[in-house]
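S.K.: Just passing along the structure, written as structure tokens.
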Amino acid sequence: MSDTVIRTRYGTGLSARIRREPGLWLGLAVMALLLLICLFPGLFATASPFEIDTAAALQGPSAQHWFGTDDVGRDTYSRVIHGARVTLSICAGSLLISALVGGALGMVSGFFGGLVDQVLGRLVDVMLSFPPIVLGIIITGVLGPELQNLILALSVVYMPVFFRIARAGSMAQANLSYVEAARSVGLRESTILRRHLVRNVAPLLMTQYMILFPLILQIQAALGFLGLGVQPPTPDWGALLEQGKDYILFAPWMSVFPGLAVLLTAFALILVGRALQGRIDSR
Amino acid sequence: MLAYLVKRLGASLLTALLATFLVFVFVRMVPGDVVAQMMGQAGSDRAEEALRAFFGLDQPVWMQYFAWLGDVLRGDFGVSWTRGMPVTEMVGEAFLVTLELGLLTLALATIVGVPLGIIAGIYEGRALDTTIQAFNILGLAAPVFWVGLMILVGVSATFSWSPPLRFQGPTEDLSENLAMLLLPILSLGFLQAAAYSQFVRQSVVSAMHEDYVRTAIAKGMPTRTVFFKHILRNVAIPIVTFMGLILIQILGGVVIIESLFALPGLGRLLLSAIETRDYPIVQGALLVVVVVAMVVNLVVDLVYHLLDPRLRIS
């Protein structure tokens with residue numbers, strides 16, 4: 001979106017804001033719907049995600065089973081709906097750990113420099129030398145497909161990215177005059193770090209959180225697909241895809257809909273992330 | 001330039017060394033090694049101990065590491081613990097499959113992605129740009145293995161065709177080889193084309209807003225000349241950089257796509273080696289992944305320096 005377009009469309013009402021940034025609002029609308037699904041899956045689901053009915057196995061989409069049924073007759077639609085909470089909470093939680101730990105280490109590293117910075121910087125380089133999905137596979141593959149290992153893997157994968165952003169952010173702030181002023185009136189370094197730097201670096205981390213969310217979602221789904229993520233019978237989008245893989249030619253609906261759920265969610269997240277990034281850049 | 005190169009190489013080597021060490025220690029930290037897997041419930045304690053001693057697993061980890069490193073420096077990557085074949089041979093063969101897949105995917109991503117990105121950038125804000133961007137975001141949002149599955153279903157339903165079951169190298173049977181690689185290349189290539197196109201669009205857009213472009217247009221220079229002389233030349237550098245980035249993304253993507261399409265590449269080898277705790281293969285395969293990523297980054301850096309005269313001076 002160019003500046004000219006934005007400037008010519010004035011207005012502060014909701015409809016004007018939507019017209020100005022349709023992508024952002026579309027993304028927010030989908031995210032709001034997803035949040036509702038995560039909070040109240042019972043309102044959306046039409047059946048139990050666990051109820052087995054072998055007589056109704058591998059049926060295509062119908063009025064009764066909107067997304068068809070799986071190999072033991074469970075309702076795919078209800079499994080996708082209940083899967084939203086499992087999948088998205090794992091992603092959101094892991095990425096939060098990632099942002100907090102990576103961000104804190106990065107800020108300390110950038111602000112104090114020295115040996116800590118050297119060591120952490122080297123470690124981050126090492127982690128970045130693996131493609132993210134490979135790092136995820138190593139961790140979950142070696143430790144085993146358990147929930148805590150999945151969360152560990154997902155929070156480690158993008159930690160270096162948060163580290164680098166926080167480090168660069170706090171390095172840039174550390175030399176500004178307000179930090180110098182704070183120091184000259186006798187504030188302790190740790191107080192400056194807490195009171196001033198965190199406040200300036202946090203928005204950068206939050207934007208990055210939104211940008212990385214669709215990526216971590218895809219890695220989560222990929223690990224599930226490889227059998228290294230959430231294990232059946234828990235409804236998880238990646239696990240559903242793993243389960244559907246063997247039936248892909250007879251019952252493609254088992255794979256189509258969980259994949260669409262990942263796609264739609266990632267799409268909405270990317271739209272919102274891009275809008276946020278645009279705001280940070282134009283500041 | 002030479003000093004810079006030496007410094008970069010040194011840093012890369014140190015990182016690679018640290019990466020191998022961390023992997024080495026990490027895989028050994030976890031209970032349940034190759035011996036436990038081989039013996040199952042049947043093995044006696046003495047037999048297990050003997051086998052562990054045979055693999056060197058009874059030694060302290062750091063001693064195992066330096067023994068391994070010493071061998072690697074002499075070009076000996078050891079022998080697979082589960083298959084008994086030399087690691088060099090197994091990883092080498094798998095790497096060739098991954099390399100072919102990766103390069104062909106990169107070719108597709110470049111052929112589709114770069115023109116799309118340039119067009120979107122030139123028509124910034126118009127319908128064509130919006131359409132291309134929608135494709136880009138869809139491509140960035142879609143999970144690669146799911147796209148692979150959908151293409152597989154689509155192709156087999158429409159053309160009643162499915163890829164061959166057994167992989168053959170390009171020198172064995174080129175048409176069978178390409179038939180097997182076709183769907184993985186399509187699924188991964190289109191997704192990476194979207195990412196590539198998005199990158200290229202951004203750099204074209206920012207080039208279009210540069211003063212020299214505005215000046216050139218204002219003084220009446222033909223659009224074609226502005227494009228080739230001012231925009232394309234400035235966009236060439238980011239396009240090369242992104243190519244490296246895309247190649248590294250492809251390296252990650254192939255791991256999943258290989259296991260989906262049963263390609264005997266590096267990713268599938270790595271997955272099965274992790275499962276069977278075949279450490280020499282895990283270490284060898286990961287070393288290749290890390291080194292390839294580093295070489296790509298290094299080459300990108302060098303090309304960057306060659307293309308941009310501003311960087312050459314400093």
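Along the chain as shown, residues are numbered 1 onward.
Using N, Cα and C of the backbone, Cβ positions are placed for all residues, glycine too.
Sharing the features that TrEMBL gives for it:
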DOMAIN    B:95-300  domain 'ABC transmembrane type-1'
TRANSMEM  B:101-123  transmembrane segment
TRANSMEM  B:135-159  transmembrane segment
TRANSMEM  B:179-199  transmembrane segment
TRANSMEM  B:235-261  transmembrane segment
TRANSMEM  B:281-304  transmembrane segment
S.K.: Mind checking which residues of the chain, 6+ beyond the ends of the transmembrane segment (B:179-199), have their Cβ under 8 Å from one of its Cβ atoms?
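M.R.: That would be 100-101, 104-110, 112-114, 116-117, 120, 132-133, 135-140, 142, 144, 147-148, 151-152, 155, 163-164, 167-168, 238, 242-243, 245-246, 249-250, 253-254, 257-258, 260-261, 263.
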S.K.: For the transmembrane segment (B:235-261), could you work out the same-chain residues 6 or more beyond its ends whose Cβ comes under 8 Å from its Cβ atoms?
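M.R.: Beyond its ends, the transmembrane segment (B:235-261) has Cβ neighbours at 97-98, 101-102, 105-106, 109-110, 113-114, 118, 121, 144-145, 148-149, 163, 180, 183-184, 187-188, 191-192, 195-196, 199-200, 203-204, 207, 267-268, 270-271, 289, 292-293, 296-297, 299-300, 303-304, 307-308.
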S.K.: Do any residues, 6 or more residues outside the transmembrane segment (B:135-159), come within under 8 Å Cβ-to-Cβ of it, and if so which ones?
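M.R.: Result: 116, 120, 183-184, 186-188, 190-195, 197-198, 201, 253, 256-257, 260-261.
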